[in-house]
Every structure is written in structure tokens, then in C-alpha cells.
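These notes concern the structure reproduced below.
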Amino acid sequence: MAGVNRSFSYSRGDDALLRDDEREISPLRSAEDGLYSTSYGDVSPLSAGVQAQNRPFDRGLVSVPEGQTLERHMTSTPGMDNLGPASVGGGISGIALGVANSHNRQSGVDAFRETDVPVRNLPAERDFNTTGSDNPYIPAPPDGDIYPSSEAVRYRDSYSSHTGLGAGAPFAEHSTPGTTPSQRSFFDSPYQGVDAGPYQRHSAYSSHDYPLVINPDDIADDGDDGFPVHPKGAADYRSNANVPGTGVAGAAAAGGFLGKFRALFKREEPSPFYDSDIGGGLGGAEKAQGGRHIIGGGSRKRGWIVGLILAAVIVAAIVGGAVGGILGHQEHDGDTSSSSSSSSSSGTGSGGSDKGDGLLDKDSDEIKALMNNKNLHKVFPGVDYTPWGVQYPLCLQYPPSQNNVTRDLAVLTQLTNTIRLYGTDCNQTEMVLEAIDRLQLTNMKLWLGVWIDTNTTTTDRQISQLYKIVENANDTSIFKGAIVGNEALYRAGSDVASAETNLIGYINDVKDHFKDKNIDLPVGTSDLGDNWNAQLVSAADFVMSNIHPFFGGVEIDDAASWTWTFWQTHDTPLTAGTNKQQIISEVGWPTGGGNDCGSDNKCQNDKQGAVAGIDELNQFLSEWVCQALDNGTEYFWFEAFDEPWKVQYNTPGQEWEDKWGLMDSARNLKPGVKIPDCGGKTIT
């Protein structure tokens, strides 16, 4: 959704410049070939004869010079699952220990600081090869000049979805750009040095290994983060974490006794077990094995005496440890039984589960609180949704949190009964299904999403995962359909014809597979409202159109009617005489960040054109939501939650990229936002 210098236009590219061999052409012509002139630039929603112009594009990724340094600033949003650098385990050691596994939403500026790409050289978010909420799979290219910069590409030609606008990269022939060692991006690294985090944008186009790769497990630790230093070459004692606590304590106490006994003979080597931190002592066990000087020199008689005493102490320690372990195990069983009984009688805590697995469910206090928001109303036919942290391959190191998805679903179920996803990577679909099950949302339905890319590896992986999800489902009635690609034609740039051929091929492949497996699900795609044509409609089982009045520079007083008129004149006629479903796949309004005056029109003041703000959002909601509910219009609202990381796409005067949510990233309804209750009427 949105991007740098985004506008609603049929003529210019994303840099707002015409090329030397181009001239401005408006597609809105009268019967006499005269050009329309409207208050919204080139766009007239009443003109049925509009024909979209081909969109220019520049190819490829750029790369970062290998000597480029990285700047690190990061904090965590209060109330989130993450631990920040101020907490024990923050920073690189925390990442090495998996602290980021439960990463929740970072604040916008800090999320941006985790990327090592200057804002001025970032492509717009809707570049074909960028990661956005509707593209959590393919990363943004870093700075460099191995490939042409997408900044040279022109303004977008139309409104968009929830990724930023930018140059379209090639879609033709399912090709993957080749690379040479000099073209390798630092983003391809699986660790990315000390700046790696769950919000970094990595390249998915190369599997090369780099000398800059840093394995956090290999970094020397000075212990100042509160965790004990694990010695090189030492056996990993962390696997013993599940040993009953009393048994471990008994063993540590025995080791401490041995250490004190040796001290009587003035031995200098440290005890292999004695430490105030049991974990640290265990971790250092093998350090003492490098030189076994427990008895040392002296008379043989004294050696025998010491040996006999030590043998007796060791036997006593073994017996004591065994007894302690048995008693501890019995006590542990008793505590577990008592805890289970208490849990079953009084419910679980805010972070607990009645299943005892640490995962939230409908009986968790936190979930009960989230599902009891009187300011939310189930009036949206559908909501676009991308779980947090599902960028591949980064999610392999920092998996998204099931509890975060469950929290999101607890909120979303108060807004809608239908959710749309954009891809299958990183188990996002499985986590949504798990959340639906844990919350027992029997009325919730899901539109499956598949991300289509020029990189055939990405596309094949996504489609393969789609097949697994559907075939492994106990009941496919929860699925409403499969959306193969989002705005693949727009991102194809001028090579739209080849892109359309490839896209139709993917759609047909999925349809054939479902037919062979006796799976009855509609298959189609979603794209800009003016990118649909008869050929694509013929291949798809439904038509999904992304329509955003904000980027047309439409004033808020006209936004609702403009959206309806545009949809009715551009898209619904394509399915006349068929039973194919028509759906607006994205529509919304930002809550702040400036104003947009449409194609080729620079706003003269901050009140002109489409103004982002809470009041404007409320007006659009009040004039669109209940009316659509009454007339049965099918649409997906973009979007429920802010995405702070998209602050990197903001530009002066156009700072709305991270502000499209009804709620902030912590799932709090934004102050002043009023979701209509439509007189108590809800989506069925």
C-alpha cells in the first residue's frame, strides 16, 4: 500500500518525470478525442471508456558495496513480546539465544533503523521486488548500482494496494536474475552481522555465502548481558534444562562442596560446578578438565588420604543427588497436579493456556480482554491481513509468534468473519488456522493467498505450500478461495502481456491441481481496478480489484461515491452475464501523514485534495461501511493494524505509509476513530 511520491495517475511513473521520448497522455477522451479535465487530475470515475496506459519499469536489483557499514539503533515497543537492548539478552546475544522468536511490532522509526538501506535509494514499496504487507516474501534491494535503480522509474499509473508504489520489475518468462560475486547483496546473508533482526529485509534471489556472515553463536561474549559465557569447545549443557530443579541443585551443591574441600589444600583451579548461577557453573564444567590438578604434588601418604576422603565425598554426593532428584521429581509432580487443578477450576492467566502448552486460547485472560472491545463492530465483509514477521527466509531464524497471530485474530473477529492472506510462507496460513481453532471461531473464513514472483523458486515454494495446506485440511469449507498473485500485472511494468500469460498459466495450474484432488475452491487473482481485461476474467473464477480513492487525490466528500462509481464502471461490466464474483480486494484511508492531490498535481496547501487524518477516515467509514453492508457490496478493508516498519517509505509531506490501520500496531483503536455500528446490523 502506497509508496514514495505515490499518486493516482494514468500517465506518469514513480519518479514524477517524463522520459525524453515521452509526452503526457490522458486516457480519458471524449467521443471527439478531447481530453477530460476534472478536479482530480486525469481521473473521472464516470468515464467508462478509460483505458490504462502501459506502465514503464526498470529492471533488477541493486546491491550494497561490501564495505558499507551499518548503523544500529533499535528499541522495542512497550507492551510487545520483544525484549529490547535494555533488557537482559537484548542486542546480538539476545538474538543468538532466540529472544527475537516472539518478536512483536516495533515502533516505526526503530523498525526502519534495522534496515541498512538509505531511504533515498529505496525503491517504492510496491516495486515488484520489494517486501510489503502484501509482499512479505521478497525483500527490497539494497543500495548500489549493479542494476539500474528503480528510482529512475516514473510515477505509478493508478491507485494501489497496501504495498508502497514503485518501479515494476520484470515478470516475463518466470526468470530469475543471475548474479556475480560483485553483485551479491549483503542482504543475502542469513545473519547480517550484529544488525540482524526480525525486521531486516533480505534478498531471496541468491544463496551465496559471504565473508561478512556472522554467526551469533561464534561471537566472543563478555558476559555483560547477564548471561554466562559459554566456553569454546565445551560440551553444551543447555540440553539438560529439563532436569528437575532439585536434582540439579543437589549436583551443584555437591560440586560446591568439592570446591571448598580442595580450597583447604590451597588449590587454585576453579570448581567445575560451583557458581551462584547454576547454569553458569554447569556451562564451565569442562574448563577444569584442561589440567587435572585436584591432588597435585606432595607426599604419597597425604595423597592416599586425600583420595580416600574425596572418594567418600563423591559417593555421598552421588547418593545425595539421587535422593534429591527423586524428592524433587515427586515435588514437581505434586506441583504440576496442583497447578493443573487450579488452572481447571479458575482458568488460565494472561499468558497461559488451558492446554498447558504456553499458547493463548479462548480461555486466556488476555484473549478474553481483547475480545471484549465495545468500540469494535463486525461490519466489514473482509479485512486484509498479513501476520507480523513472515518474511522469508528471515522467518527461518526468527519465526513469527503463534500468540501474536492469536491476539490479532481475537481482535479481527470483532470486525469481520473473513480474512484475506497474501502468501503461504513462514507457516502464516497454518498459524491463522491454529488461532481460529484455539479461539473456536466457527464462523471465520479464509481467502488463501499465493505470492507470484519473477523468481520461480519463490513461486513454486508458495504454490507447493498452498497444495499442502488445502490437502491437509480436515475441512476445506473454511477456505473461500485461492488468490494467486496480488498486482502481478501492475508490477510487470511495460511487459504486462507476458506477465498476464504467465499469471494465467499459474491460475490454470492451481485450478487443474484442485480438480485432480477433487477440491472445490474458486481460483483467481487480485490486481488494480483498471488492469482487468476479458482474457484475465475468462481464466479467473472471480474478479478482485484494488481501489484507493486517496491516491486519486479525491476529496473526502466524494471518496465513497467515487469508489463505488469507479468499481461499477471499470470492473463489474467485465463479469456481466456470468456468475463470477466481483470483490473490491483493497479499500481504505490513512489516518495521518499529509495530503495527495492526484496525478501531476502538487498540493498548494495542506487542505487540498485527499487529506489523511482521523476525521477524514471517520467520514469515509460513515459514508461507505453501512451503505455497503446494506447493498451487499463485497470488499476487504485495508487495514486493521498500522505497520510501523513502513515509515521508511515516507517522504516529506507524504508520511502516511505506516498509518493505514484502524488500530495501532499494539491493537489499540486509534484515539478518535469511530467504527460505525450500522444500527446494530452486522456481517453474517
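Just so it is clear, glycine is given a Cβ too, placed from its N, Cα and C backbone atoms.
The shown structure was predicted, so the numbers you read here are calculated from the model rather than taken from an experiment.
The annotation active site, proton donor is assigned in Swiss-Prot to Glu487. Sequence annotations record features per position, and here Swiss-Prot assigns active site, nucleophile to Glu586. Residues or ranges marked as compositional bias 'Low complexity' in Swiss-Prot: 336-347. Feature annotation from Swiss-Prot assigns N-linked glycosylation site to Asn404, Asn427, Asn455, Asn474, Asn631. The region 'Disordered' annotation in Swiss-Prot covers 1-38, 124-143, 157-182, 330-358. The transmembrane segment annotation in Swiss-Prot covers 303-323, and the record cites sequence analysis as its basis.
Overlay of Swiss-Prot annotations on the structure.
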residue	record	Cβ within 10 Å
Asn404	N-linked glycosylation site	22
Asn427	N-linked glycosylation site	19
Asn455	N-linked glycosylation site	18
Asn474	N-linked glycosylation site	8
Glu487	active site, proton donor	25
Glu586	active site, nucleophile	30
Asn631	N-linked glycosylation site	8
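Across the structure, Asn631 (N-linked glycosylation site) and the residue listed as 'active site, nucleophile' are spaced 18 Å apart at their Cα atoms. For the pair the residue listed as 'active site, nucleophile' and Glu487 (active site, proton donor), the C-alpha distance works out to 11 angstrom. Distance noted between the C-alpha atoms of Asn455 (N-linked glycosylation site) and Glu487 (active site, proton donor) is 16 Å. The residue listed as 'active site, nucleophile' falls within a strand when secondary structure is assigned with DSSP. On a Cα basis, Asn474 (N-linked glycosylation site) lies 17 Å away from Asn427 (N-linked glycosylation site). In the three-state DSSP classification, Asn474 (N-linked glycosylation site) falls within coil.
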